[in-house]
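Q: The structure is given below, and queries will be raised subsequently.
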Amino acid sequence: MSFPATLENSFWEMHIPLTQEVKYSILGISVTLLFVALCILIWQIYRYCMQPPAPKQDVNGLLSNEQSTQNENLQSNSPTPDYKLESRQDEAERLSRCLSRSSDLASSMDSLGEPDEERIQGTLRFSLFYDQLQSRLVVTVLEAQGLAARDFSRSADPFVRLRLLWAAREGDEQRLSCVLQEWQTRLVKDSCNPLFGDQFSCTLAEEDVPRVTVRMEVRDFDKYSRHGILGEVRAPLNSLNIIYPLEILEDLQRPKKDAVGEVLLSLKYMPTSQRLEVGILKIRTVFRSSKTERALYARTSVLCNQCKIRHQRTAEKVRWDVTVFNEVLIFVLPDTQIRECSITVSVYEMRPGKKSSKHLIGQVILGKGKTLEDEHWKLMMRSLRQPVAKWHLLYL
């Protein structure tokens, strides 16, 4: 019985013969390892403190794949008209390239393509004449003077775009207009004082003359981008006596958009499947009967940081005062990027059977901003998974 106790005592009394140099070497290595460990700990604490807080994930993103699949099946079985679905992976790649930094998009059509107030300068000379015998309106664009030049070239390539706007509703709070005719002058290169001398004419009933406004936009031609707007001049015919040729010289003013129609849109966002559903339900425009049958279609684009991500269009419908579409277009947008995007709905008119016959009727932009259109966007974000419908004015 004493044998194990003897072994235990001999174990604790055993000494390993080490020299002083070896002992100090082991002590130095231990101190060095301790110092390295402290340095690593301090560096990790510093990195943790300097790291920005991670964005909060939506609770809906934590749902299981099974529940997401069930929701997708329920949505696909519901009777919704003309769904057009795009790849989530492709859309996410496009969004990641365009969302390098956060920026606010202007939601109002008044801020799209307009020049700064300081840049608006110059005058436009034109003449108006209404031939009562032939019931024809004659518009002649003569010249422009003192136009604003581009900063890099100190010159401009101006041309004038003309529109005859016919006021359809009188006495309304928001009167809608109809574009009767649209013309464009020739291009004059490298001149801030261009001479045009272009004349345009069209048949116009005498009772319609007081309801017509001639809108002339002076634009700067750009081969690779959107044409710049140098200013505009408006001539309401109800305040002018044009039974004789009348020559007018007007200063260029800040461009304004005209309400040319209304569109009924529905918005619905599905955070689980990261889908934005834009419903084009009805389009109301001022329609004057003509011998040629005309059609409408709507083109919906998703923009992020002024970069177009994706677009889809509806089918063509015969144009009436109220054209019914009832189509839903689907876009895949990640939940973290939905607030940085805007939706542009453009309505085009075209004549079936003719090539290059389409022209823009009007536009509306939905998204971030301080406009009435932003209220619809906020309602959509507060009513997830529920469609929210609202009328919006179309501007041109």
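Cβ atoms here come from the backbone N, Cα and C positions, even for glycine.
Grabbed the feature section from TrEMBL, which reads as follows:
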- 24-46: transmembrane segment (TRANSMEM)
- 66-80: compositional bias 'Polar residues' (COMPBIAS)
- 66-87: region 'Disordered' (REGION)
- 120-250: domain 'C2' (DOMAIN)
- 259-392: domain 'C2' (DOMAIN)
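Set these features in their place in the structure for me.
A: Outside the transmembrane segment (24-46) by six or more residues, the chain places nothing with a CB less than 8 A from a CB of the stretch.
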Q: Summarise the domain 'C2' (120-250) as counts of helix, strand and coil residues per DSSP.
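A: Tallying H, G and I as helix, E and B as strand, the rest coil: 9 helix, 69 strand, 53 coil.
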